[in-house]
Amino acid sequence: MRRRSGTICLSLAFITIFLHLLLALITLSIPHLPCDTALQPKIHLRDLARTNNTSVGVRGLEEPPPDPLQRDPSYQDVGREAKINVQRLPYKRFRSKEGKNPQNNNTESAANRTERWASDLSKLRALFDHPLYNMPKPVVPEDDWLLKVKPKVKPSQRSTQMWSDGYDDAQWNSSSSSQPPWLRFHLGITRWELYPHRDPNMELLTQQLATHRIVSAVQKSGGTQLKLVMTFPNYGQALFKPKKQERDEETNYNLYYFSDFERHNAEIAAFHLDRILGYRRIPLAVGRLVDVVKEIKDVTTDRKLAKTFFNSPVGNVCFYGQCSYYCSTEHAVCGNPQYLEASMAVMLPDLSLAKRRSWRSPWRRSYSRSKLARWETDPDYCATVKKTPPYDKGTRLVDFIDLVILDFLMSNMDRHHYETFEKFGNNTFLLHLDNGRAFGRHSKDEPSILAPLQQCCRIRRSTWLRLRLLSLPQYHISDVMRASLAQDPLHKVAPLLSEPHLAALSRRLKTVLETVGRCQEQHKDNGGAEDVIYDDLVDLK
């Protein structure tokens, strides 16, 4: 027994030694990898658009990762009635195939980014708190409101027409608390602006455009590219423009301006820039991830649009609609696989309620590959414009110069017309609509856009002062624009404007101020340097 026990122990010892040697050999044969932090799983676009909406409000939304940016200070004091602010919209951080956030920059740490965003936000708050953005205004006269609330209708006079399923029961009255955000927006339009500087309704309207259920989608007629009209349960409507190219993709230099694609992020960025300039003449535009199947294909009543849906070779859901030029299978817009980025701009009041007049731009381009417009060859062209109604009196010329400055800053060459509300005649602001071809190139400026300013040498004092303000380090235009855009829901996917585009804003702002300075120098000899600045602040002094 002793001999047998010794044999067994010796055998077990040999087996143990053999197993240890085998394990060591296997370990040495495996290549060693660096001990990096494991990549987080890829988040599908389907997760980005997942939401739980109701007809009354937005509930059950997933809380996104912490963000140093808070909501717009314009609404901070007066927007407490909102149930949820813009930063809590249901958008997760998008991660690329490499598992890294596309906003990350290898040369910039997370702490530095947080510090920069906080600095940008403080600049935006300081800008909107500046006296130039909070000048006292007289009470708006009765006739200066675009729309009025009708007197209460008797029950016997109410329409018996029934709306289709999917809409809320409307129980609105003259009290603003009962009105949906889109109606408050319409009722707040005046002769001089689309919305006031500090408007609590803008936050509520942003939430509606970005999250509310879509009950109808039809194609908007006219134009060269695809646009849809989206309808919400509370009868609000938005103009939908889909993503057609990446944010950092520049327009081809060999492509004419009238052949360029419209960009969804340009519509959103144009709204933010218009507000930063203190104009408030562009309707609110918000980014949104749209389910191409559930929120367009399944709810559309547009038969022509419905016939254009198809699946791409890689399984993405695509459609192209019907329009003049860019509506074909070669120019289709596709989801990934069915979720699509888009801009949602609130619709203006229906033309039956508030007619608009379209004006041909005096500095309209020829839209020809071989011909030049008169203003491109005649240096004294502005003298003729100043003698032509409505530019011969009032503020129409400086109103147009405001629009020119906006277009130059965002490099928009496609301004062939502009509109005004017919009710206010010639004495009103210009609507800055249709900005999809802006922000196409950041590496090149287009000086011809500034021709009206260069030839007429006329600018509003309030505009000139705000431009100078935005050139100062404490209100830097690139920084406040970055902070403003960071509050849009699509910023959670990727920044709406790349850093080169933001840098181009600063460069172009400097060009505008230098152009005004040259105008003042040119008119100094004739004692008319002050004629360059139209003093629209004289009544407020």
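Cβ coordinates are placed from backbone N, Cα and C, and glycine is handled just like the others.
Curation does not apply to TrEMBL; its annotations are automatic.
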Checklist line | Matching range for TrEMBL feature annotation, region 'Disordered', among 36-55, 56-75, 436-455 | finding: 56-75
Check: Listed binding-site residues are Q225, V346, L348; which of them have CA atoms within 10 A of the CA of D414 (active site)?
Finding: none
Check: Under a criterion of Cβ-Cβ distance under 8 Å and sequence separation of at least 6, what residues of the same chain contact D434 (ATP binding site)?
Finding: D414
Item checked: Least buried by Cβ count (within 10 Å) of the recorded positions E262, D414 -> D414
Check: Tell me which residues of the chain lie with their Cβ under 8 angstroms from that of V346 (ATP binding site), as long as they are six or more apart in sequence?
Finding: W182, F185, L205, L209, G236, Q237, A238, L239, P283, L284, A285
